[in-house]
Amino acid sequence: MHAVTHRFRPSRDRLRLASPICLLPALAACKGGLSTIDPAGPSASRVANLWWWMLGGSALLCTLVFTLLLVALFRRGVADRETPARKRVWIGWLGVVMPVAVLMVLLGFALWVGERNLPTDRAAQVVQVTAYNYGWEFCYENGSCSEGVLRIPARQSVDLDITATDVIHSLWIPRLAGKMDAIPGQINRLRIQADRPGQYEAVCAEYCGVGHVYHRFVVEAYDTGETDYAVEAAR
């Protein structure tokens with residue numbers, strides 16, 4: 001019976017080889033049109049940094065919790081041998097102080113990221129964005145408008161003045177910026193910038209009805225030398 005059990009027990013070498021293979025799907029998910037951790041602009045880069053800090057803090061707390069769990073499982077009777085003062089140290093520092101410290105650091109960093117993403121100066125361009133079921137309209141400073149495609153100059157800041165005509169929507173361009181609600185009767189401003197020309201996917205991140213899954217648009221970032229093309233395409 002023992003021989004059969006040993007035959008199907010994986011060796012440590014096999015586990016070492018299998019571990020990187022198991023990570024491949026996770027690494028592949030880091031790229032994509034809707035990936036927050038594949039930024040293509042300064043605002044999205046700060047959001048991605050916040051994500052990595054949150055992952056690190058979560059991993060630290062998770063490691064602490066599982067370490068204490070393993071200690072409790074494999075060192076039975078330890079609690080009985082601990083003095084009351086030492087128990088208070090374990091509970092106070094590892095159970096309260098350390099988690100609170102990690103969460104405070106993450107909260108402070110999140111507030112810093114949010115403040116840095118607020119527009120403080122005039123952008124190169126302001127676009128009026130109107131959300132409705134189930135589409136997007138973009139009106140530019142030259143009077144032209146487009147639907148389903150937002151055209152912006154690359155490497156320049158653009159402010160989006162966002163509103164809605166029916167229900168609450170949420171504009172989200174994961175690779176360029178965070179989310180911003182589109183609320184009827186209210187204008188919310190979101191600053192975006194694309195570091196390089198290309199197309200960037202965008203979605204509505206707030207459930208708005210049966211057609212919510214189709215409530216998408218594309219951001220086209222063009223070189224400043226292609227301004228004439230962009231203006232004509234938007235007409």
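Glycine is treated like the rest: Cβ placed from N, Cα and C.
The domain 'Cytochrome oxidase subunit II copper A binding' annotation in TrEMBL covers 122-233. As a whole-number mean, the pLDDT of the domain 'Cytochrome oxidase subunit II copper A binding' (122-233) in this prediction is 90.
Residues 37, 94, 98-99, 102-103, 105-106, 109 of the same chain lie 6+ residues outside the transmembrane segment (52-74) yet bring a C-beta within less than 8 angstroms of a C-beta in it. The transmembrane segment annotation in TrEMBL covers 52-74 (among others).
Per TrEMBL, the feature transmembrane segment maps to 90-113 (among others).
Within the chain carrying the transmembrane segment (90-113), a Cβ under 8 angstroms from the stretch's Cβ atoms is held by residues 46-47, 49-50, 53-54, 57, 60-61, 64, 68, 82, all 6 or more beyond its ends.
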